[in-house]
Amino acid sequence: MEQKNGSSFAGFILLGFSDRPQLELVLFVILLLFYIFTLLGNTTIITLSQLDPNLHTPMYFFLSNLSFLDLCYTTSIVPQLLVNLSGADKSISYGGCVVQLYVSLGLGSTECILLGAMAFDRYAAVCRPLHYTVIMHPRLCALMASASWIIGFSNSLLQTVLIFLMPLCGRNKLDHFLCEVPPMLKLSCVDTTMNESELFFVSVIILLIPVALIMFSYGRIVRAILRIKSAAGRRKAFGTCGSHLIVVSLFYGTAIYAYLQPNNNYSQDQEKFISLFYTVIIPMINPLIYTLRNKDVKGAMKKVFWKDFGSK
């Protein structure tokens, strides 16, 4: 007998890349390596920010939040994906799908807002250097970070409840490698126009308001930098913002492409690879961007690792 409600399912089938079995082994090896690098890179950033007193600043407080967020984000997706890629079993339990959707969406929403807070920090550092320590008080930093997490997971709770209240009428094959809102909508056996409109509206708020704050902040930053007379001063100012701007461009570029255009504008395979980019690749390269472009982080790495090496 056909099951009529999603809550009666034992679970979902994540079809993922099962139509390309020759690709699954290659993806398994690549994603496993990426996941290891993600764990090592983000753990290093968090550890250095705690151990080196020179990194006890608002910038690295937010960077530690971002690294912890990326660790959790990737971990909420990749282990299940690796299990599904390594064998014939492509299933995920109903509860596991709920948790994955809630956690991954919450972390993704939090990152959108956190990147906006980091842009404000860079604005204060470049445009209000004499008042920076007053403006970016530890209490304000903690409040901004907490607000990012609370808003992000509140949005995720709303989205998750709305998604799993939809009748699925026995459908449990998800043409994706994770439980995500757009492919979940396709499982519903009722009209999802209202849900899609609500998703688009919330995505505009969560994505575009921080983007507007970032553009405003960097508009002011560029104006302030252009008024600096020395070339060395301009390079230093650009250096403090360059890493964040690269991360913002990569994250928002893929997120806006994925969520703010009609689903029929790209194929299901494109959707999967776009999702791989912002769920796996970006969390891996974020620590590299901040490490390779940041003298403070490179100096902290030398200091900490040389100290450990010298003590032996």
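Our numbering is plain: 1 for the first residue shown, then up by one each step along the chain.
Cβ atoms are placed via backbone N, Cα and C, with glycine included.
According to TrEMBL, the features are:
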| type | residues | note |
| --- | --- | --- |
| TRANSMEM | 25-48 | transmembrane segment |
| DOMAIN | 41-290 | domain 'G-protein coupled receptors family 1 profile' |
| TRANSMEM | 60-81 | transmembrane segment |
| TRANSMEM | 101-120 | transmembrane segment |
| TRANSMEM | 140-166 | transmembrane segment |
| TRANSMEM | 199-216 | transmembrane segment |
| TRANSMEM | 237-260 | transmembrane segment |
| TRANSMEM | 272-292 | transmembrane segment |
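Comparing 25-48, 60-81, 140-166 for CB pairs under 8 angstroms to the transmembrane segment (101-120), the maximum falls on 140-166.
With respect to Cβ pairs under 8 Å, the transmembrane segment (272-292) is most closely packed against 25-48, considering the stretches 25-48, 60-81, 140-166.
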